[in-house]
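Each remark here refers to the structure printed beneath this line.
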Amino acid sequence: MPRRKGLCLFLQMLLLHLYGVCQAQPNYQVFDLLSVSVQRQVTSFLQSALSNPSMNEVYVLSTFKLQPKSTVTLFGLYSTSDNSRFFEFTVMGRLNKASLRYLRSDGKLHSVFFNKLDIADGKQHALLLHLSGLHRGATFAKLYIDCNPTGVVEDLPRPLSGIRLNTGSVHLRTLQKKGQDSMDELKLVMGGTLSEVGAIQECFMQKSEAGQQTGDVSRQLIGQITQMNQMLGELRDVMRQQVKETMFLRNTIAECQACGLGPDFPLPTKVPQRLATTTPPKPRCDATSCFRGVRCIDTEGGFQCGPCPEGYTGNGVICTDVDECRLNPCFLGVRCINTSPGFKCESCPPGYTGSTIQGIGINFAKQNKQVCTDTNECENGRNGGCTSNSLCINTMGSFRCGGCKPGYVGDQIKGCKPEKSCRHGQNPCHASAQCSEEKDGDVTCTCSVGWAGNGYLCGKDTDIDGYPDEALPCPDKNCKKDNCVYVPNSGQEDTDKDNIGDACDEDADGDGILNEQDNCVLAANIDQKNSDQDIFGDACDNCRLTLNNDQRDTDNDGKGDACDDDMDGDGIKNILDNCQRVPNVDQKDKDGDGVGDICDSCPDIINPNQSDIDNDLVGDSCDTNQDSDGDGHQDSTDNCPTVINSNQLDTDKDGIGDECDDDDDNDGIPDTVPPGPDNCKLVPNPGQEDDNNDGVGDVCEADFDQDTVIDRIDVCPENAEITLTDFRAYQTVVLDPEGDAQIDPNWIVLNQGMEIVQTMNSDPGLAVGYTAFNGVDFEGTFHVNTMTDDDYAGFIFGYQDSSSFYVVMWKQTEQTYWQATPFRAVAEPGIQLKAVKSKSGPGEHLRNALWHTGDTNDQVRLLWKDPRNVGWKDKVSYRWFLQHRPQVGYIRARFYEGTELVADSGVTVDTTMRGGRLGVFCFSQENIIWSNLKYRCNDTIPEDFQAFQAQQFSS
């Protein structure tokens, strides 16, 4: 009785305490972010927190379950306009880490990492993220998993400080249920203490000094609850004793009934002597004497019950079920179900075979353990599902796919193919082909210079345009017979389909009129009608009634610019279009000079005349010519002002060039330093998935820059902006723009930008592509298709402006330039490599300096000259190979005549231009063909440069 009173008194005290706690008003706000209505108001919630100086603490609470090794974003806040991040929390299961990214006050993203988190394991976890210091004090982020602190990062930049959010400018994205991934709770708590917020997840934590009192109350409450549990346990024992006593009374009453003494039997006031000394009869067996199924035996001392049935334990009167599952009769990992009586084991787990078992009793459970035998999935006739010719490795209850079998190369994604090698005896290439081994283990065969085909079969290629003189027995395009054996035409154009290429067909259109007299060389027109009296007949004139000898057609709609009222095809008439030759529907013009931003050479400075005297695509009004790193981009527009990066590649478009950006793709994994290196530095993949463990992430396997062109044929595998060689878009640069007999070059581009023809005996000029390069390999076939002239032709690289570029030029014979002003210039026969750095720019000084073989002060330096002094031959094809590595100044040029190497500059080092654009060059020479042009990004330093340096240091 005293104990019961104590229990009641304790319960009263506990209720009073809880009442007092409940009466306290919380000083925080809780928002359920999984509620649709709350999601719609998330912008106002955030703005309230950011603008309220007293709101210094923010908590995010989440309960979730993630499948093993998964990488998911649990929750994030994003801009509705451009989908940029404001706040994002991502779990990277494969790396056992999590990342928190948020917008700093300077508008840039800051990344925080929490390591050693094993929370992507198929189990439910509770997360509490505490951000402190929104407005004052030190800013830190602390993470709790399942009520336990798992990481803290201190001295952080303030998140979202000073940022104004408009209504509807932010939207919330949360983890969506997919497979085993699910989220049951996501709450935002503004304000409050750690212990108060932790209690929402039933976590009892103390914060620090300010929350010490609350922590003490929580500990007192826990102690009182523990004491109450002990008293309830004692009460349970008392009740069990009362049950036993009740059972004893029941048996006593049963004995009284067996003596025939009912409840109404009158008891005498005085017990007779005979009756008082009579021993009452012992209880006899009846239907309720023993537990069901237990045998009851009458004895002199009363009834006696036999043993409890199998699967039960007790005295025969009371029998309770035995829990056989305590003996672990089931196979490891199989669920045991206790029944009354007996037990049952469920089916064997996946990857095992065996039967289910069920039985009754301790002995059965001890003697009959469930047996599950491992299934060898690798012997199912399908190699376990692994790719053919790869290793299938059986494991207990499962299997895994390994690498390729010996003699095969590849992986589980691309398959395992028979190993190819360039080693002797395994080289599959033609005897006149070069063999190279790729990263994926495959082999590439390329026909050598002067040969053409698919690499496995090669035939003689006299004009070195990539097509053999005779057809080869292979289906590839480059196995077909060259339709112009002695004139390079890498596009194999044949207008009249007579199997004679246009380049060598005297009547290319087959209209019976020779090309020299035909006013439509590539369009049959026997009548030669020419309404506007320009040099093009009506059949091929894109402006039949308007004289336009240039036939320029910006939008390629078949209507020449001269008669097209919308030259760029953007739907805006020329008279109203602020960029007449560049499509710009928006017509943006931020400097208001009447020239649209997209075609404005100074988009931030008024310059309506668009003057660009040095032809560097930067208007004179904003051209500073201050270039600290020498890569051709002035410091004010260079995305890496002090690091050489002529290509200006900026993969993540953050305004920082890849060359000086430590995280090119902005996925939170640094390119080189820990926790990197990033196995896909140009494609976001925070999880770093790499199923075949080859060091290249799955997302960029075989296409490193994700430009949809596989690396094997991609001319720039690490630059998504350059995929194929293409000079269809080019800039013309006239190097002697003034004079009485001015003749500018006439450029024709063929074969989808891989062939250029110049037809005029012209003043010096360039055709320059718009693509800029860092390191580059540049090759092509050079051919002068005439016998009537003997002047200069060549190519350029490292072009930065009309005063700064490298040129490789070839003169046929010795000759003094016909104009001796401003100085006498003498050209010698042979190949010359020059660095042009002209103070005067295009004009007579640069013209004569280019003609002259040698150095010219303030104009040109001669870096190398072919000592043979041999000029080019009429109607003979030559193949050149150029290597330029501007980061170290490495230059090397080689020339082939047929299959023979005829000139080699060797290693030449010059750092005048640190990268730039590519193009071709002519000076007073007509009918030049640059065919089968190819460029490829390449920053790898050649081996001969190391030997060159060693030789230089030793001398």
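Even glycines carry a Cβ here, placed using N, Cα and C.
Because the structure is a prediction, the values reported are computed rather than measured.
Among the candidates Cys504, Cys922, Cys937, the disulfide partner that Swiss-Prot records for Cys716 is Cys937. Looking up Asn338, Asn609 in Swiss-Prot shows the N-linked glycosylation site annotation sitting on Asn609. Here Swiss-Prot annotates a disulfide bond for Cys579; of Cys563, Cys599, the partner residue is Cys599. Disulfide pairing as given by Swiss-Prot: among Cys319, Cys345, Cys348, Cys330 connects to Cys345.
Checking the candidates Cys622, Cys640 against Swiss-Prot, the cysteine paired with Cys602 through a disulfide bond is Cys622. Per Swiss-Prot, the disulphide partner of Cys504 among Cys479, Cys484 is Cys484.
Take the Cα of Cys429 (disulfide bond) and measure to each of the disulfide-bonded residues Cys308, Cys392, Cys401, Cys700: the nearest one is Cys700. Away from its own ends, the repeat 'TSP type-3 2' (493-528) comes close to residues 482-484, 486-487, 535-541, 750-751, 785, 929 of its chain (Cβ-Cβ under 8 Å, at least six residues beyond either end). Each of the disulfide-bonded residues Cys325, Cys474, Cys680 was scored by the number of other CB atoms within 10 Å of its CB, and the largest score is that of Cys680. Here the domain 'EGF-like 4' (418-459) is broken down by DSSP into helix, strand and coil counts: 0 helix, 16 strand, 26 coil. The disulfide-bonded residues listed here (Cys336, Cys401, Cys404, Cys416, Cys543, Cys579) include Cys401 as those with a Cα within 10 A of the Cα of Cys378 (disulfide bond).
With respect to their backbone Cα atoms, Cys401 (disulfide bond) and Cys392 (disulfide bond) stand 5 Å from each other. Mean pLDDT for the repeat 'TSP type-3 2' (493-528) in the predicted structure: 97. Here Cys700 (disulfide bond) comes close to Asn679, Cys680, Leu682, Val683, Asn685, Gln706: these same-chain residues lie at least six apart in sequence, with C-beta atoms under 8 angstroms from its C-beta. Cβ environment of Cys416 (disulfide bond): Thr387, Ser388, Asn389, Ser390, Cys404, Lys405, Tyr408, Val409, Gly410 lie under 8 Å away, each six or more residues apart in the same chain.
Around the Cβ of Cys660 (disulfide bond), the same chain contributes Asn639, Cys640, Thr642, Val643, Asn645, each under 8 angstroms and 6 or more positions distant in sequence.
Closest in space to Cys392 (disulfide bond), of the disulfide-bonded residues given as Cys319, Cys345, Cys474, Cys563, is Cys345, taking the CA atom of each residue.
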